[in-house]
Structures are given as structure tokens and as C-alpha cells.
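Residues or ranges marked as transmembrane segment by TrEMBL: 6-25, 37-57, 77-96, 116-134, 177-197, 218-237, 249-268. Annotation comment: TrEMBL describes 17-266 as domain 'G-protein coupled receptors family 1 profile'.
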Amino acid sequence: MTLFVTVSLSYMVTLVGNTTVILLFHLDPHLHTPMYFFLTNLSILDLCFTTSCIPQMLVHLGGPDKTISYLGCAVQLYIFLGLGAAECVLLLVMAFDRYVAVCRPLHYTVIMQPHVCHKLAFLVWASGILGTLVQSPTTMKLPFCHHHRVDDFVCEVPALIRLACGDTHSNELQISVIGSVFLMVPLLLILISYGHITRTVLAIQSHEGRRKAFQTCSSHLVVVFLFYCTVTAVYIQPRSHFSQKGGKFLTLFYTVVTPTLNPLIYTLRNKDMKGALKRLFGKDRTSNVQ
């Protein structure tokens, strides 16, 4: 019951926080920039990501029924895996946006034009669809045993591989390859981009300029750290001892905690978002007075 209450509260904060980010982007013209366009996509992803698994999780935590149908598990796996893959690519796109903003500021508006941003957003969602269509069908074709249980909070690939009775070597190899493509490659490119960003920021003579540049990128770095560290530990070696014993708690972290913290990190540490909130409530107060 303690876990049920904790997850319920986190889910409510996720819904309110990410919905607020989306509304602020659409209502405030000051936020109509590439950075906040991608942040809005991250909020949409987090809303869909959590909604694909947390309601079912709350049903299992709050009552005696702990079962899920084969079809329900398959649907959850397809959506969950696709949105997770899309978020990996989106965090890379957001890192590229920060690289251009800091390292090539004079060319920022030329490079990050609206049509380029929309193409990058399409790439993010298409990558998620591709990732789940490659991995999910082969996972659901595994020979499952009726007497085994899914030792996890959601139907995800590592838990289902551990559930299978037959040979899973090819599935483990496939998830390692997919994990490398969607986790390790984007993470490596993100680290390279932030290496260039760090070098550029340290070359700035003004202390205020360095502080502003670091503040712009620090929120994204925190989100990258929270997401990649937990997901990589679970997916790179799905049958490892660590993945089996601690994987479900890491799953709980990146399905519940990270989507809850993302909007808080970006709003509490971001001057533009706080300004948009003040302007929104200021308009509301003005209209009420009139």
C-alpha cells in the first residue's frame, strides 16, 4: 500500500508537471524556440510512457489481482519499448540543439529552423516505432511457461526473457544490439557534444556568460544521467544477476521517478519557464480583476 500511494502521487505530479510544460509552450510565444519545442516532445513522451504502464501497475499494487493477459502484456510491451527508444533519440536531439546553441550561436537560427526541428521530431518518433517493431515481435514469440511469473512491475523485454522456458540466446543478443544502437551510441554522441560544449564554455571570458551557458545545459545533463544510467543497467545484460535482482527497482525508477522529475528539473531551474508561469498567472489575475 505504501508503494501504491507513492506511485499514485508520482503519477499525479507527472501528469500535472508535463501537462503544464505542454500548455506553457503552446500559450506563451516567448517559449516558441527549438529548445522548448523538443522539451514539449519530451513531456508528451513522458505522459505516454507513464500512462502505458502505471495504471496497470496501480491495479496490481492496490488489489489482490496481479495478473495481466497475454494481449495486455503484448500491447504494453510494444508501447513501452517504442516510447523508451524514442526518448533515447530525443535526448540526443536535445543535446545537438544545445551544442548548436553554445558552440555555434551565430548560426543557431539558420541551423535550427522550424522545418529542421519538425524533421528531427519525426525522426524521434519514427525511431521509436522502428525499435519496438524490431524487438517486440520476437520477444512475444518466446516459449513462455504457465507456471512462471513476470518478476517485474511491467511487461518489458528483460523480464519476459527471464520468463521464457526455451533458448533465449538469440533474443539476448538482439536486445544487446538494439540496446547498443538506442542507448550506447546516443549516449556516446551526447558525451561528445558536451565535451565540445564544455570546451567552448571554458573559453568564454565573462563569468556571467559561463554561468548562463552551464545553466542552459545542466538541466538536460541531469535528465540524461537519470534516464540512461538506469535503463542501461537493465537492458544491456538482461540475464545478468544485477538485472534479475535489482532490475525491477530500476524499472520503477525510470518509469515513475524520472518522468516525475523531468518537468520539475526544467521548470524549477529554468528562468524562461518560471517567467512563463508568472505571465500566465499574471494574465489570469488581470482578467479576474477586470
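Numbers run from 1 along the shown chain.
Cβ coordinates come from backbone N, Cα and C, glycine included.
TrEMBL labels come from automatic prediction, so no person has curated them.
Keep in mind that what you see is a predicted model, and the values were worked out from it rather than measured.
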Result, the transmembrane segment (249-268) in contact with the transmembrane segment (6-25) (3+ CB pairs under 8 Å): yes
Segment proximity, the transmembrane segment (177-197) to the transmembrane segment (37-57), 3 or more C-beta pairs under 8 Å: no
Distal contacts, the transmembrane segment (116-134) - CB-CB under 8 A, six or more residues away: 34, 37-38, 41, 77-79, 81-90, 93, 96, 174, 178, 181-182
